[in-house]
Amino acid sequence: MKNITFYGRFEADILAGRKTITLREASDADFAAGDQVRVSRYEDDVFFCNIEIIAITPVQFAVLNDQHAIQENMTLAELKQVISEIYPGLNELFMIEFRLL
Ligand SMILES: CC(=O)Nc1ccn([C@@H]2O[C@H](CO)[C@@H](O)[C@H]2O)c(=O)n1
């Protein structure tokens, strides 16, 4: 089974179904629709759920919109700030849509 990590501060939103996408660089988006993936916290590698990948879609930072932000449970300004900190200067992102198993 593949693995993905999320920063621990997003665990509660993921488990509550409030965060249903993640935006990643290409090297962190090697998934396909239908994959079942183990999810753990980035900081301590503690497992916290399994997800099923619904879709992987290329998306440019420049075209991120409120719909993306809603799916991240953030404002668009917050989302752009978070991504700019994780992937400074990167425009080519991949949207990974998922559901909890
Ligand atoms: C090692 C590593 O890159 N881990 C990441 C990368 C991204 N993300 C989250 O995905 C969304 C869009 O980037 C935002 O909610 C991010 O905080 C995350 O939780 N953990």
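Glycine is no exception: its Cβ is also placed from the backbone N, Cα and C atoms.
These figures come from a predicted structure and were not determined experimentally.
As recorded in TrEMBL:
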- K19: active site, proton acceptor (ACT_SITE)
- T22: active site, nucleophile (ACT_SITE)
- E72: active site, proton donor (ACT_SITE)
- 4-101: domain 'ASCH' (DOMAIN)
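The 10 Å shell around the Cβ of the residue listed as 'active site, proton donor' contains 23 further Cβ atoms across the protein chains shown.
Same-chain residues at least 6 positions away in sequence with a Cβ under 8 Å from that of K19 (active site, proton acceptor) are, in sequence order, F10, D13, Q71, E72, N73. Secondary structure at T22 (active site, nucleophile), as computed by DSSP, is strand.
Of all Cβ atoms in the protein chains displayed, 21 besides its own lie within 10 Å of the Cβ of T22 (active site, nucleophile).
With DSSP classes pooled into helix, strand and coil, the tally for the domain 'ASCH' (4-101) is 31 helix, 36 strand, 31 coil.
Residues belonging to the domain 'ASCH' (4-101) score a mean pLDDT of 98 in the model.
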